[in-house]
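Working notes, structure below.
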Amino acid sequence: MAQLVQQYLDRILAEHAGVSDGVLADYIPELAGVDPEGFALSLSSADGHVYETGSTAVEFTIQSISKPFTYALALDSLGQAAVDARIGVEPSGEAFNEISVDKTSKTPKNPMINAGAIAAASLVPGATADERFDALHDFYSGFAGRRLELDHDVYASEKATGNRNRAIAYMLASFGVLEGDPDEALDVYFRQCSLKVTSTDLARMAVTLARGGVNPATGRRVTNAAVVKRTLSVMVTCGMYDAAGDWVSAVGMPAKSGVGGGIVAVLPGQLGIGTYSPRLDAKGNSVRGVRVCRSLSEQLGLHFLSVARDSRATLRAVYEPRDNVRVYETHGDLLFSGAELLVRTVDRDRGRFEVAILDVSRVDDIDDAARSMLSGMSAELRSQNKVGYLVDPDGIVIRTGSDFEQVRYLCVDDAVEAAEQALRRGFAG
Ligand code: GLU
């Protein structure tokens, strides 16, 4: 039954697999040498369950997706006031590698452009570049829930070809934004861009942000909620190069992309997404990655401005009024991630009941994605010789033709009674 979500993701990936628009980044030879067909999508639920589809084993360099995480570490280590004194939070409207600072403050406009990212790397505490990189490396790995590795070739290339970034670092030093040796800050920055991730690492990093800094897979708190709030805010306004406006209106999730072909997207409180496809559009964002995120958002109702409530509130209680009968009581808004949790919980329990009673009488709102998952769940139960009853007094799930149509009850007692009779007759499916 958990394959319902899997099937959604497989289908969304397949819908865009044929798209071949865009070009590989070629400012360093390593990026131009990757397989252009690599295509992966990973999604982590708020409790750390990961779904993945496509080439999720392919590792690629994190590149600019590192920027929000370094910014978060700077905030975490120095506090917001000290970081704000060096790096702004305004969209720049300029290219990501523009050699510029804010005219008045003489500080980088935001931490998602190279100037701000190099400044953030220089703020990470440590006596040497190695120490600072180690701190970053640990921090990112805490988000991913595994030790990330460095791509030494990409690092060497970034370093050999990074004159523009050198110009930025020396400009920042001249304005007093960078303390210490600019080459040391650059070295940390080149290494952070060269860490390797998979789409699944990105989904896990995203969900750790979605959970306010706790990695749900490891249970470890990596940073605090105030740092996450600030980081996500900057991702909303500045995360997608010069396409932030389009992205926010069409997809509606704080996100960051990188020229390595990755995108990380966060639905606060609910889920994290990682995508990979290395062909980029003119703005530097992964063509298929953007399309996949757009489809996910549209089809599963993930836009953050349309999400009213926290999905963790969805499952209110699970109990067993009789042997072989389990009641799943839901409340709040039943949207994609709540339905996902419900379907996965019912699936996990399937050896423990003959009849599952789903009580939606306290649900305020339900969307089409959740409705269709419940319908899929009902069909799936039947194929396992079990049955799903629905307690839906207001008819919010039931639509003509829905799989639940014949098994709708007005209250839990009626459903339990019907389940007892059915079990007594030896009927279970
Ligand atoms: N290492 C790259 C640079 O600084 C990052 C580019 C990116 O992903 O935007 O040019």
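Glycine is no exception: its Cβ is also placed from the backbone N, Cα and C atoms.
DSSP classifies E158 (substrate binding site) as helix under the three-state reduction. TrEMBL lists S64, N114, E158, N165, Y189, Y241, V259 with the feature substrate binding site.
Mean predicted confidence for the domain 'STAS' (315-388): the pLDDT average there is 90. Among the features that TrEMBL reports, domain 'STAS' is placed at 315-388.
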Q) In the structure shown, which of the binding-site residues Y189, Y241 has the fewest Cβ neighbours within 10 Å? A) Y241
Q) Which binding-site residues from the set N114, Y189, Y241 come near ligand 1, judged by a Cβ under 6 Å from any of its atoms? A) N114
